[in-house]
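K.L.:
Would you mind keeping the following structure in view while I ask a few things?
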Amino acid sequence: MMYHIPGVLSPQDVARFREQLEQAEWVDGRVTTGAQGAQVKNNQQVDTRSTLYAALQNEVLNAVNQHALFFAAALPRTLSTPLFNRYQNNETYGFHVDGAVRSHPQNGWMRTDLSATLFLSDPQSYDGGELVVNDTFGQHRVKLPAGDLVLYPSSSLHCVTPVTRGVRVASFMWIQSMIRDDKKRAMLFELDTNIQSLKSRHGESEEILSLLNLYHNLLREWSEI
């Protein structure tokens with residue numbers, strides 16, 4: 001399943017990020033991809049050795065960790081270190097699949113269950129640059145407002161179309177979920193969403209308590225901690 005997570009960063013945060021990223025050191029984006037991806041990748045990324053990068057990636061981690069909808073949809077166990085990319089002048093990233101595992105500075109290795117893109121450019125400021133994701137439900141073309149995030153299975157083939165006008169800037173990361181299976185994770189998210197909706201409409205009740213009990217027992221049964 002694919003999820004749109006709105007308002008991860010406020011407009012003020014986005015403006016501040018963009019101002020700081022204007023001063024960043026950018027390098028060839030192929031430095032963080034494998035042999036297959038390098039053949040179709042043509043973009044730039046912020047140098048991960050820079051002081052600015054360390055500060056910005058911490059802010060992204062804090063923002064996603066504090067977002068209730070992100071947590072409900074991803075049920076994250078481990079988050080990768082966020083990266084930042086930039087596309088301009090017809091730069092693109094052809095269809096590819098993300099690697100199944102990635103190195104992690106604290107955990108050694110992590111499994112990539114979910115991929116996330118946090119948009120940092122206003123969609124009207126550039127042409128092209130759509131994230132295209134192929135999954136079992138078809139093809140999805142994504143171009144979200146700045147500050148919004150899209151979450152999708154890392155097993156999906158995906159690409160970024162050429163940016164023919166303007167500049168597309170984004171942050172991206174990977175998530176190892178407590179729930180490895182996409183279908184089980186989607187069921188838990190649907191159950192959680194409906195429980196919260198019922199609570200907001202009707203308040204607490206024995207029926208809602210029973211559904212909460214079911215949710216946590218399923219999470220207990222399926223989670224890998």
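Even glycines carry a Cβ here, placed using N, Cα and C.
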K.L.:
Of the residues His4, His67, His140, His158, only one is listed by Swiss-Prot in the Fe cation site with His96, Asp98. Which is it?
P.N.:
His158
K.L.:
Taking 10 A as the limit, how many CB atoms besides its own sit near the CB of His96 (Fe cation binding site)?
P.N.:
18
K.L.:
Counting each residue once, how many in the domain 'Fe2OG dioxygenase' (78-177) are helix, strand and coil under DSSP?
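P.N.:
The domain 'Fe2OG dioxygenase' (78-177) comes out at 3 helix, 60 strand, 37 coil.
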K.L.:
Neighbourhood of the Fe cation site (His96, Asp98, His158): other residues with Cβ within 8 Å of the Cβ centroid, in order?
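P.N.:
Going along the sequence, the neighbours appear as Gly37, Phe95, Val97, Ser115, Ser154, Ser156, Leu157, Cys159.
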K.L.:
How many neighbouring Cβ atoms, not counting its own, are there within 10 Å of the Cβ of His158 (Fe cation binding site)?
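P.N.:
Cβ-Cβ neighbours of His158 (Fe cation binding site) within 10 Å number 23.
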